[in-house]
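Taken verbatim from Swiss-Prot:
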type	residues	note
ACT_SITE	ARG84	active site, proton donor
BINDING	TRP18, ALA52, LEU53, GLU54, PHE76, VAL77, VAL78, SER109	5-amino-6-(D-ribitylamino)uracil binding site
Amino acid sequence: MTILSHPSAKIAIVRARWHADIVDRCVDAFVAQWTKLGGSAADVEIFDVPGALEIPLHAQALARTGRYAAILGTAFVVNGGIYRHDFVSGTVLDGMMRVQLDTDVPVLSAVLTPHNFQESEPLIAFFRDHFVVKGEEAANACAQILDARAKLALVDA
């Protein structure tokens, strides 16, 4: 486990509200792990968007403020029968990647697309638990990328 070298870093989380009962597990786990790493829950700001497709634009607006050291986008994209969920997820991830490349603010992803999801209690319970793991992993990755970027800043100095 990495202990934060930047414990006062501000982090934004952009979360989709579709399947909020699942997605919120990621957010809660991120904040819990962030505090275990030495960060403050008060430095994590949460922003809600309707669905996954809105994450990149919202992340871009947040990145452009210069206020956040990193941004996490989280959503649960499932096949709703209207359009292909893998297309939606790919579009969201491409947008998030473009945001971080254009703004130089790391944008992490916990946008998950199960191959086959059905609204059954066993699967819902599985993904609730899985999003806890993903939230913890995202907090660890966030700490690691902030450390890596701090080392890059020393190279540029």
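Each residue, glycine too, has its Cβ placed from N, Cα and C.
Annotated features, which come from Swiss-Prot, shown on the structure.
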residue	record	Cβ within 10 Å
TRP18	5-amino-6-(D-ribitylamino)uracil binding site	16
ALA52	5-amino-6-(D-ribitylamino)uracil binding site	29
LEU53	5-amino-6-(D-ribitylamino)uracil binding site	16
GLU54	5-amino-6-(D-ribitylamino)uracil binding site	19
PHE76	5-amino-6-(D-ribitylamino)uracil binding site	29
VAL77	5-amino-6-(D-ribitylamino)uracil binding site	25
VAL78	5-amino-6-(D-ribitylamino)uracil binding site	21
ARG84	active site, proton donor	12
SER109	5-amino-6-(D-ribitylamino)uracil binding site	21
Secondary structure of GLU54 (5-amino-6-(D-ribitylamino)uracil binding site) (DSSP, helix/strand/coil): helix
Distance, the residue listed as 'active site, proton donor' to LEU53 (5-amino-6-(D-ribitylamino)uracil binding site) (CA atoms, angstrom): 13
Rounded inter-Cα distance in Å - the residue listed as 'active site, proton donor', VAL77 (5-amino-6-(D-ribitylamino)uracil binding site): 10
Site extent for 5-amino-6-(D-ribitylamino)uracil, whole Å (max Cα pair distance, TRP18, ALA52, LEU53, GLU54, PHE76, VAL77, VAL78, SER109): 16
